[in-house]
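**Student:** Below, the features straight out of TrEMBL:
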COILED    51-81  coiled coil
REPEAT    101-133  repeat 'WD'
REPEAT    191-232  repeat 'WD'
REPEAT    233-276  repeat 'WD'
REPEAT    277-318  repeat 'WD'
REPEAT    330-362  repeat 'WD'
REPEAT    363-395  repeat 'WD'
Amino acid sequence: MCDQTFLVNVFGSCDKCFKQRALRPVFKKSQQLSYCSTCAEIMATEGLRENETLASLKSEAESLKGKLEEERAKLHDVELHQVAERVEALGQFVMKTRRTLKGHGNKVLCMDWCKDKRRIVSSSQDGKVIVWDSFTTNKEHAVTMPCTWVMACAYAPSGCAIACGGLDNKCSVYPLTFDKNENMAAKKKSVAMHTNYLSACSFTNSDMQILTASGDGTCALWDVESGQLLQSFHGHGADVLCLDLAPSETGNTFVSGGCDKKAMVWDMRSGQCVQAFETHESDINSVRYYPSGDAFASGSDDATCRLYDLRADREVAIYSKESIIFGASSVDFSLSGRLLFAGYNDYTINVWDVLKGSRVSILFGHENRVSTLRVSPDGTAFCSGSWDHTLRVWA
C-alpha cells in the first residue's frame with residue numbers, strides 16, 4: 001500500500017492527491033475504500049488462485065460475456081417492427097425551420113432547452129455560451145469561457161442557472177439574473193474537475209446536483225454548492241462522450257455512451273453499472289431515454305441509431321439505410337416517443353418511425369454537420385445546432 005492510499009484510509013483524501021492522481025473506490029468485504037490508481041491495480045491481483053493470471057481471468061470474463069449473449073439471443077424471438085405491423089402508419093410529416101439563431105463565431109457544439117419552453121442555451125468552439133429567446137431570436141446572456149471548445153452546456157431545472165465546460169476539464173455554473181449590466185463571470189462557480197476534457201453535463205432533478213461525463217473515461221455526480229464529488233462512475237474503457245438522466249422524477253439511473261462502443265446504465269446511489277450494451281461498431285456520440293424511461297436510443301459513428309429495451313435487456317431496433325454512410329451525432333425522441341430525430345454528419349436530420357423502423361422524413365437546411373439536437377419540453381418544436389455556426393428551431 002502506497003503512502004497516498006495509507007493517508008486516504010486513515011485521514012481521508014486531501015486536495016493535493018485529488019489533483020495529482022485520481023482515487024478509485026475499491027470494495028473490500030463490502031466496505032468502500034479509496035485507493036490510488038496504482039494500488040487499485042495491485043488490489044485487483046490480490047487473492048488470485050493458483051495458476052490464475054489476469055490474462056486467464058480476462059479470458060474467462062470474455063467467455064461469460066459470450067454465454068450471456070447466447071442467453072439474451074434465446075429471448076430474441078421477434079423484431080419490434082414485426083410486432084408493430086398492425087400499427088397505423090404515420091401520415092404526411094411536415095416540419096420547417098421557423099427560427100434561425102445566429103451569433104456564434106464558430107462551430108455550435110451543444111445546446112439545451114430551459115423548462116420554460118422558450119429559452120435555449122448553446123455553447124460553441126469560439127468559447128462563447130449564449131442564452132437565447134427562441135421566440136424573438138434575441139440574445140439574453142453571453143459568457144466568454146476561458147477556453148475554446150465548450151463541448152457541454154445545460155440549463156438548471158429552475159431556469160436560474162446554466163452549466164458549461166469543455167477543454168478546461170471543469171464544469172462551471174453561472175447564475176442567471178435579470179440585471180443586464182451584472183458581470184456573470186464574477187459569480188461563476190467551478191463545480192466539477194476532471195483529468196480530461198468535459199464532454200457532457202446535466203443537472204439532476206434539482207439545481208443542487210450535476211452529472212458530468214469526461215474524456216478521462218469516467219462520469220461523476222457533484223454537489224453544486226460545495227463542489228464536492230458525491231459519486232464517481234468507473235467502467236468505460238475510453239472517453240465518455242454523452243449521458244442522459246432517466247426521465248422519472250425519482251430517477252436514480254442514467255445512461256452513458258463513449259468511444260469504447262458501449263452504452264452503460266448506472267445506479268447513481270451505488271455508483272455501479274447495472275446494464276451494459278455493446279452492439280455498435282464505432283463511437284457512441286449520443287444517448288437519449290425513451291419518454292417512459294423503459295428504453296433508450298443511441299446514435300453512433302457507425303451510421304446507425306439503435307433502440308435498447310431495458311426490461312428485455314437487449315437491442316430491439318436498428319435505424320439505418322444503405323444510403324446513410326455518415327455518423328449520427330445526436331438523437332432525441334418526440335414527446336410521444338413515436339418519432340426519433342437524429343442529426344447526422346452529412347448536414348441532414350433524419351426522422352424515424354420508432355415502431356416501424358422506417359424513415360418518415362429528411363430535413364435539410366444546415367450547411368455543415370449537425371452536432372446537437374434537442375426536442376423542446378412541450379414537444380412542439382426541436383432545436384438543432386451545427387458546425388455552420390447556427391442553431392435552427394424546427395416546428
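Here the Cβ of each residue, glycine as well, is placed from N, Cα and C on the backbone.
Surface or core, plus neighbours and distances: that's what I need for these features.
**Tutor:** Here the coiled coil (51-81) has long-range neighbours at 44-45, 307, 312-314, 316-317, 355-358, meaning same-chain residues at least 6 beyond its ends whose C-beta is under 8 angstroms from one of its own.
The list of residues near the repeat 'WD' (101-133) in space but at least 6 beyond its ends in sequence, with Cβ under 8 angstroms from a Cβ of it, reads 139-155, 157-159, 162, 164, 166, 174, 176, 200, 368, 371-372, 374-378, 380, 383, 385-387, 389-393.
On the 0 to 100 pLDDT scale, the model's mean across the repeat 'WD' (191-232) is 96.
Residues 24-25, 196, 199-200, 202, 204-205, 211, 213-221, 282-289, 291-293, 296, 298, 300, 308, 310, 313 of the same chain lie 6+ residues outside the repeat 'WD' (233-276) yet bring a C-beta within less than 8 angstroms of a C-beta in it.
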**Student:** Using a Cβ cut-off under 8 Å, which residues of the same chain at least 6 positions beyond either end of the repeat 'WD' (363-395) come close to it?
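**Tutor:** Same-chain contacts beyond the ends: 95-102, 104-113, 115, 117, 120, 122, 124, 132, 134, 326, 329-336, 341-351.
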**Student:** Grab the same-chain neighbours of the repeat 'WD' (277-318) for me: Cβ-Cβ under 8 Å, and only residues 6 or more beyond its ends, written as numbers and ranges.
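**Tutor:** Hits for the repeat 'WD' (277-318): 72, 75-76, 79-81, 241-248, 251, 255-259, 261-265, 324-333, 335-337, 340, 342-344, 352, 354, 357.
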